[in-house]
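Enquirer: As annotated in TrEMBL:
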- 1-411: domain 'Major facilitator superfamily (MFS) profile' (DOMAIN)
- 62-80: transmembrane segment (TRANSMEM)
- 86-112: transmembrane segment (TRANSMEM)
- 119-139: transmembrane segment (TRANSMEM)
- 151-169: transmembrane segment (TRANSMEM)
- 231-252: transmembrane segment (TRANSMEM)
- 264-284: transmembrane segment (TRANSMEM)
- 296-316: transmembrane segment (TRANSMEM)
- 322-345: transmembrane segment (TRANSMEM)
- 357-379: transmembrane segment (TRANSMEM)
- 385-406: transmembrane segment (TRANSMEM)
Amino acid sequence: MSQAESGNEESFQPTDTMREIQHYFATTATASSWITSISVATVHFGAPVGSALSAYFGHRPVVMSGGLLSSIGMVAGSYAQDLLQLYITVGFLTGFGYALTWTPTVTMLGWYFEKRRPVANALASTGECILTFILTPSFQFMVDQYSWRGAMLILGALQLNLCLCGALLRPLNRHVPPKELEEKEHELELLSQPHIDSRSSNNRSDSKKLDPLKVKIIRYVDYTLIANARFMVYSMFGVFAALGFFAPSLFLVPYARSQGVEEYQAAALMSISAVLDLLGRVLFGWVANLRLVKTVHQLIITVILLGIVLLLGPLATTFTQLALFSAGYGLVFGATVAIHITVLAEVVGVERLGSALGFFMLIRSSGGLLGPPLAGIFIDKMSDYGTGFLMAGVALLVSALFLLVLQQMNKKGTGKGKDVNLENGKGHEDLKHRNFNFRKS
């Protein structure tokens with residue numbers, strides 16, 4: 001269950017439940033949206049922990065532990081007596097459980113496939129689309145029959161299936177060679193001290209061997225990624241994309257209800273979005289696998305289109321118009337989610353994907369934490385759920401600017417590693433060659 005990576009995935013509570021909780025505790029949309037925000041932020045902050053634990057203990061036991069923890073959090077949340085208890089149980093416990101399941105699973109998927117990685121990522125993520133299509137109307141029925149507490153209790157039981165999924169992971173041993181670790185550490189030192197002359201840096205490289213403790217640290221948490229300029233630019237894309245990913249799936253049903261759409265018709269909008277989301281992931285994952293265009297170019301196009309679709313969202317006021325909006329949103333959203341992990345693997349290399357996912361999620365956490373509350377503030381101030389879509393659309397268009405910067409860096413071959421080499425003159429030709437090999441890894 002890859003619930004930590006996309007907009008639909010990041011809405012840990014179905015929108016029907018969020019609305020019922022808001023009414024039950026007589027609170028605002030902003031206050032209830034913090035449940036989702038804490039879950040999202042915990043997933044992001046916990047991603048490096050999940051990556052490090054899976055590198056030490058193995059991916060299978062970590063994923064199984066995460067599934068159990070997410071189930072406990074959801075079940076405990078069904079007995080919550082106030083919002084604070086929901087923040088702790090559904091927000092923190094379930095979110096941390098998702099962090100322990102998602103990061104190791106996506107890392108293993110990147111290891112399993114190479115040539116067909118875009119299609120593999122797309123197909124693996126379609127499970128959530130199928131679940132959303134089935135669960136959204138089912139959850140509305142469960143809320144009506146058993147209240148939001150009973151619905152969350154059932155959802156908590158379903159989370160135990162994550163333990164079974166973790167048990168089916170086939171372990172692989174893909175550690176970075178010690179020699180390569182030393183090259184990464186040396187590069188980080190040069191980037192942090194660009195004033196070092198070429199002769200002293202070469203002598204230092206030859207005479208100094210990497211501390212065994214540092215080798216262990218880099219093996220589990222590759223902190224040298226902070227010296228990778230392309231990775232940091234891509235992480236900033238993730239921050240602004242996170243601002244826009246979460247709000248639509250959180251506020252689509254309440255917006256439809258505010259426009260006079262019937263309850264079950266409003267819930268059906270999520271199912272329509274999920275079906276087109278599924279189609280978008282499979283179709284555009286397959287297109288990415290054909291290598292007709294660079295994957296980052298494809299991602300730029302889909303992110304811009306997604307932002308435009310969200311900006312047009314408030315114009316939809318009838319069920320037919322909302323159904324068309326949901327279909328367009330689902331299709332372009334699926335196209336975006338299908339390839340953005342593939343782009344990350346291309347930026348850092350598959351061997352570093354585990355640590356990269358952890359740091360990427362950690363950096364992106366600010367967007368995940370602020371997205372729903374910001375949308376909730378606009379909604380409370382304007383008394384219009386449509387303003388949440390406007391905020392999300394603007395954030396996604398801003399995120400596309402960072403992808404354009406990344407594309408230019410790829411085109412011109414820039415980045416800190418190369419800048420340091422140019423500053424230190426021709427004596428760094430060997431380091432250029434090593435940095436090139438390092439980026440290919």
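Numbers run from 1 along the shown chain.
Using the three backbone atoms N, Cα and C, a Cβ is placed for every residue, glycine included.
Give me the structural setting of these features: burial, nearby parts and distances.
Expert: Note on the domain 'Major facilitator superfamily (MFS) profile' (1-411): its mean pLDDT in the predicted model is 79.
Long-range Cβ contacts of the transmembrane segment (62-80) within its own chain (Cβ-Cβ under 8 Å, at least 6 residues beyond either end) map to 50, 53-54, 86, 89-90, 92-102, 104-105, 149-150, 152-153, 155-157, 159-167, 169.
Sequence-remote contacts of a segment are chain residues at least 6 beyond its ends whose Cβ falls under 8 Å from one of its Cβ atoms, and for the transmembrane segment (231-252) they are 6-8, 10-11, 15, 18, 29, 33, 36-37, 40, 225, 269-270, 273, 303, 306-307, 310, 313, 322, 326, 329, 333, 340, 343-344, 347-348, 356, 359-360, 363-368, 370-372, 374-375, 379, 385, 388-389, 391-396, 398-400, 402-403, 405-406, 409.
Sequence-distant contacts of the transmembrane segment (385-406), counting only residues of its own chain at least 6 positions beyond either end whose CB sits under 8 Å from a CB of the stretch, comprise 230, 233-234, 236-241, 243-248, 250-251, 254-255, 258, 296, 299-300, 303-304, 306-311, 313-314, 347, 367, 371, 374-376, 378-379.
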Enquirer: Which residues, given as numbers and ranges, are at least 6 beyond the ends of the transmembrane segment (264-284) yet have a Cβ under 8 Å from it?
Expert: 8, 14-16, 122-123, 125-126, 129-130, 132-133, 136-137, 139-140, 249, 252-253, 256-257, 298, 302, 319, 322-323, 326-335, 337-339
Enquirer: For the transmembrane segment (151-169), what are the same-chain contacts with Cβ under 8 Å, counting residues 6+ beyond its ends?
Expert: 1, 14, 16-17, 59-64, 66-68, 70-75, 77-78, 90, 94, 97, 101, 104-105, 108, 139, 142-143
Enquirer: Would the transmembrane segment (357-379) count as touching the transmembrane segment (86-112), i.e. at least 3 C-beta pairs under 8 angstroms with sequence separation of 6+?
Expert: yes
Enquirer: Looking at 296-316, 322-345, 357-379, which one has the highest count of Cβ pairs under 8 angstroms to the transmembrane segment (119-139)?
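Expert: It is 322-345, which has the most Cβ pairs under 8 Å.
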